[in-house]
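Colleague: Can you read through this structure? Questions will come right after.
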Amino acid sequence: MKFHCFRYATSVVPIGSMFAMTLWLGNTAYLYISVAFAQMLKAIMPVAVFVLGVAAGLEIMNCRMLLVMSVISFGVLVASYGEIDINWVGVVYQMGGVVGEALRLIFMEILVKIKGLKLNPISVMYYVSPCRYTDSVVK
């Protein structure tokens, strides 16, 4: 019992919390910015996942990946440049949602790889879903 509670508290709760944060911030962003602009901003997700992966030591920075991430960032910048009704509050909410989703993916990778768990995607959802919904209801 102690093993499962500790593993749940250190692995599953952070994943569920990041999922709740992603839902909260991402949905709040729609109050301030258009759906089309929010979708353009979500395209920066691979860059956020890679940067946080490098920071966590899960990814290795190299010139090729730096070039790829620069092209993606430039593409998002160009696509966002023409937005007429830009609201910075909505942009901050959307970027917070992107960071939350990137952290959730990093935490899931840590849960599966570093902690040595042999879980398939259905098993991960079995453990994470109750925590995710509890966090989103509380907030």
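Backbone N, Cα and C atoms are what each Cβ position is placed from, and that goes for glycine too.
All TrEMBL annotations are machine predictions without curation.
Found this in TrEMBL, in case it helps:
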{"type": "DOMAIN", "residues": "8-113", "note": "domain 'Sugar phosphate transporter'"}
{"type": "TRANSMEM", "residues": "12-33", "note": "transmembrane segment"}
{"type": "TRANSMEM", "residues": "39-58", "note": "transmembrane segment"}
{"type": "TRANSMEM", "residues": "65-82", "note": "transmembrane segment"}
{"type": "TRANSMEM", "residues": "88-107", "note": "transmembrane segment"}
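Buried or exposed, and what's around them? Tell me for each listed feature.
Modeller: Long-range contacts of the transmembrane segment (65-82) within the same chain, counting only residues at least 6 positions beyond its ends with a Cβ under 8 Å from a Cβ of the stretch, are 37, 40-41, 43-44, 46-47, 50-51, 59.
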Colleague: Using DSSP, tally how many residues of the domain 'Sugar phosphate transporter' (8-113) sit in helix, strand and coil.
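Modeller: Across the domain 'Sugar phosphate transporter' (8-113), DSSP assigns the residues as follows: 87 helix, 0 strand, 19 coil.
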